[in-house]
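Step one of this worksheet: look at the structure below.
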Amino acid sequence: MTITPATHAISINPATGEQLSVLPWAGADDIENALQLAAAGFRDWRETNIDYRAEKLRDIGKALRARSEEMAQMITREMGKPINQARAEVAKSANLCDWYAEHGPAMLKAEPTLVENQQAVIEYRPLGTILAIMPWNFPLWQVMRGAVPIILAGNGYLLKHAPNVMGCAQLIAQVFKDAGIPQGVYGWLNADNDGVSQMIKDSRIAAVTVTGSVRAGAAIGAQAGAALKKCVLELGGSDPFIVLNDADLELAVKAAVAGRYQNTGQVCAAAKRFIIEEGIASAFTERFVAAAAALKMGDPRDEENALGPMARFDLRDELHHQVEKTLAQGARLLLGGEKMAGAGNYYPPTVLANVTPEMTAFREEMFGPVAAITIAKDAEHALELANDSEFGLSATIFTTDETQARQMAARLECGGVFINGYCASDARVAFGGVKKSGFGRELSHFGLHEFCNIQTVWKDRI
């Protein structure tokens, strides 16, 4: 049988080009079996009490820590994340389990209120089995930050993972099995687009959550809407990183490099458009380029390397095409900008200057290690440039004037604003975007309540 992406999910080591695994797409019988298991699992799981479910989250965290190095190595092998960053992803995911186990039950308590001397209570009920379509860039964290609160709320979770990280998908499933999560409460399926469509239409799927591209999110969201099913979309970003004249330059440069080049730049909420007030632009650019040039890139298994390969060769080629288009439009290349020779999908830290709003690097998401620098005349101009985007995931402001920063934050069209620090997701705060970056929220109590039936129970209402 010929193996192609049309028939199989294919995992390829992005550092070497070695084929790691192939897995056939799920057929109709596989999908039906998964949905039957999910329906049965949900019926039983919804009847368990919240304290039991919280304790099972702790068990998931323990099981994940027991396989921490195995999981980190799998992440690095399948999608090229530098090993230290992969280990951090595993640790963060395990800590998420503990945080929701400790704080989640209180977030799901009934909320009584008095209504005209009568009793009304808001209850947080399970919704059903949630279909999750997840990406490859954080192959563990993206799954866990959805699955953990979804399962705590009494729902089931059915995963369709990205085809290039099937090893990660299998290992995550093993972690949940190790923790004693019943079959059907957590499940995964290697489904293609047709299989996803079939599941969205099925009555045993209650809702859908997607992390991915705008194109994928729009397509899946349309199908969920046609089926009248709730969905949460966490999509792309072209996040602005604003540096004003009074900023702490050293701190701003350090945060800018970390915010842009983490995970080899393959982060939806990474800083991508660097909007620098003209009085500090020259000094910032000089230091930023020097710091980016000092980053070590190479074998992601080597702990000394800060950047690894990009996850797929087609993604690297697309990124390079965007760079070439931006240069042809008049931008200036200060660093990088060339595909690396030899094995692996390597692309060097790249810095583009003189980027203006009509250019590709400003208008499109650059999903890789490319920074685009745009000069702003003043703070008001910086704000206008930041909002001049179809995306609205996060934004950063560097300034020593906190009052001005908070005033700007109120006018930024995005889901999260970070003052004197770069964007990161955290269990304690909501994460999500506006505009074409999607809708709905993950994490904190907002993420926990997204997939609850928020039910009003009103006594003596006549």
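Easy rule for this one: first residue shown is 1, then count along the chain.
Just so you know, glycine gets a Cβ as well, placed from its N, Cα and C.
With a 10 A radius on its CB, GLY212 (NADP(+) binding site) counts 23 other CB atoms from all the protein chains. The NADP(+) binding site annotation in Swiss-Prot covers TRP136, ASN137, LYS160, HIS161, ALA162, PRO163, GLY212, SER213, LEU235, GLU365.
Feature annotation from Swiss-Prot assigns active site, proton acceptor to GLU234. For GLU234 (active site, proton acceptor), the same-chain residues 6+ apart in sequence whose C-beta sits under 8 angstroms from its C-beta are THR209, VAL210, THR211, GLY217, CYS268, PHE431, GLY432, GLY433, SER437, GLY438, GLY440, GLU442.
The annotation active site, nucleophile is assigned in Swiss-Prot to CYS268 on the grounds of sequence analysis. In the three-state DSSP classification, CYS268 (active site, nucleophile) falls within coil.
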Other CB atoms, at most 10 A from the CB of LYS160 (NADP(+) binding site): 23
Most crowded position, judged by CB atoms within 10 A, among ALA162, LEU235, CYS268 as recorded positions: CYS268
Taking residues TRP136, ASN137, LYS160, HIS161, ALA162, PRO163, GLY212, SER213, LEU235, GLU365, which bind NADP(+) in the record, the widest Cα spacing (Å, whole number): 24
Mapped DSSP class for LEU235 (NADP(+) binding site), helix or strand or coil: coil
